[in-house]
Amino acid sequence: MAGAPHTKDRVSASQNGGSNASNPSSGSGSGSKSNHSGGRRGDAPSSNVPSPADSSSGPRGGLGGYDGNRDSDSHSSQRNPATSRVIVDPKNFDLGMAGWSTVRAYTVPTVMPPRPAPSTLGQPIKVGLNTFRVNKIPKTPVYQYDVIIGNGTEKRGLMNKVWQSKAIRAALGTGWIYDGNKLAWSLKSIDREIRLDVDLDSTDEGGDGKPRKSGKENKHRVVIKRTNTVGFAVLDAYLEG
């Protein structure tokens, strides 16, 4: 009966499928218990959570089958630029119609879409341009002047009336072009600044010379100063080619 415990240990070891063969420990009781517990770990069911190696084998790698903005296979790091085809990704191009058609292997259209019919809304109007016909380009320079009448915010009708006054004609002479606002041009070069007062109610300007009932004078301060020189040599050379 003294050998009975050893007999039970050998029977237990044989029931575990020879697990003692993979364990270098002796056949003692403590060693048998270790081998028996190791057998239970091997028989445990596997977890349902995929490993990183398994999940990366699908079309979308990473945990749970998704790795964020993963590049497609054509843009992978295994691509050899020396032997692979050129990657054309037109989504980031800013091309015209011909460029888009070429990238997508379409036939480039040669006929433009027809122009839509004119709008039937509104009514036609005439448009006038403040232009002057140039018969011959001058060889001499043209001088530009700033013109300030009153405080500079007077109405156009009043400014034109002041510009056509006898006082202005006497101070400037002939050969001037006025834009009706703040600029004038002439072939004359006047270096000094011209300052004068124009009284539209005076007899010289066609008025009666009497003061107004409101007591307000119809005098206007005029300042004319040369500011720029316009040369036509460059324009003439351009037109001559």
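Glycine too: its Cβ is placed from the backbone N, Cα and C atoms.
According to TrEMBL, the feature compositional bias 'Basic and acidic residues' maps to 1-11 (among others).
Annotation source TrEMBL lists compositional bias 'Low complexity' at 12-37 (among others).
Under the heading compositional bias 'Low complexity', TrEMBL lists 44-57 (among others).
Residues or ranges marked as compositional bias 'Basic and acidic residues' in TrEMBL: 207-217 (among others).
The feature domain 'Protein argonaute N-terminal' is assigned by TrEMBL to 123-240. Mapped onto DSSP classes, the domain 'Protein argonaute N-terminal' (123-240) shows 26 helix, 33 strand, 59 coil.
Per TrEMBL, the feature region 'Disordered' maps to 1-88 (among others).
Summarising the annotation, TrEMBL assigns region 'Disordered' to 200-220 (among others).
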Per-residue pLDDT averaged over the domain 'Protein argonaute N-terminal' (123-240), given as an integer: 87
